Amino acid sequence: MAEMAAYGISAGQRVAVIWDSSSPVEGLKNLVAKIQALVGPESRVSVENIDQLSRSAHAASSFDVVLSGMVPGSVTLHSVEVLAEIARILKPGGRVLLKEPVAAQIGDNNRIRTAARLPTALTLSGLVEVKELQKEPLTPEETQSVQELLSYHGNDLLSVQMEGKKPNFEVGSSSQLKLSFAKKSASSGKPAVDPAAAKLWTLSANDMDDEGMDLLDSDELLDSEDLKKPDPSSLKAPSCKESGKKKACKNCTCGLAEDLEQEKKESPQPKSACGNCYLGDAFRCASCPYMGMPAFKPGEKILLAENNLHDA
């Protein structure tokens, strides 16, 4: 009974005992019998297998105390899901006591936590006031169970007993906050506004009466420099021609397109080297710029395509 008192179990409490495949049957029966004698016949002690805990359909906040891995000889490992389920079925303010083998340092077996990571896992599951109660080497029987069940062959394992509590509130609970909305004194309000300043910046319907107001002539705001006609060249955007471009952009705004068009109009007509260009293709040279065009009268103005001029 002294051992049960150390677990913090008292009469009338609901207790859950969690076991796994490493738990000796006789040890489990003895532990449950001691707890049942302490809590009394009116309180039921639930015995759950760790692999079936999430399927046991216990309601939230069902137990005052949860013991896991506490059966002598057990080497129980608690997954994240198991710890979360334990936190769920605990009553607000309820306690969990668990024992788990831990490694002195991180090894190849990721299932076994270190002594530093076990408290962190309990905290992340939603428990508070997590603390270590006891740390001791594994017994020969426990070491053999670890080697057989967990395939761990290191010699640095320890058995750590931990305690944690569920916060004194349930997940999703709410509480009304008491806030004070005392009225502020008049002195702490906005600064007083000068009536004269307020009138200066207030626009009324009378202010829109143009007949009673002196309006300024907008032309009087212009000086002689503003009235000068600007030079058209100064209004052009920077020319693409200045940057080395020989072809105008699609939507040219710098004037390069107009300049190129004017150059085409002013460019002289190519002169015939043989004098037979006007007669037709049969009389023209192979490099004649008029090749492919119909015959024309001598002196008649002929417009050549740009590609014909380049080929020539």
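Cβ coordinates are placed from backbone N, Cα and C, and glycine is handled just like the others.
Feature motif 'Cx2C motif 2', per TrEMBL, maps to range 285-288 of the set 17-20, 149-152, 197-200, 285-288.
All protein chains shown were included, and the count of other CB atoms within 10 Å of the CB of C285 ([4Fe-4S] cluster binding site) stands at 13. If you take the C-beta of C274 ([4Fe-4S] cluster binding site) and look for same-chain residues 6 or more apart in sequence within under 8 angstroms, you find F283, R284, C285, C288.
Under DSSP, residues within the region 'Fe-S binding site B' (274-288) fall into helix, strand and coil as 6 helix, 0 strand, 9 coil. Minimal Cβ crowding within 10 Å, among the binding-site residues C277, C288, is found at C288.
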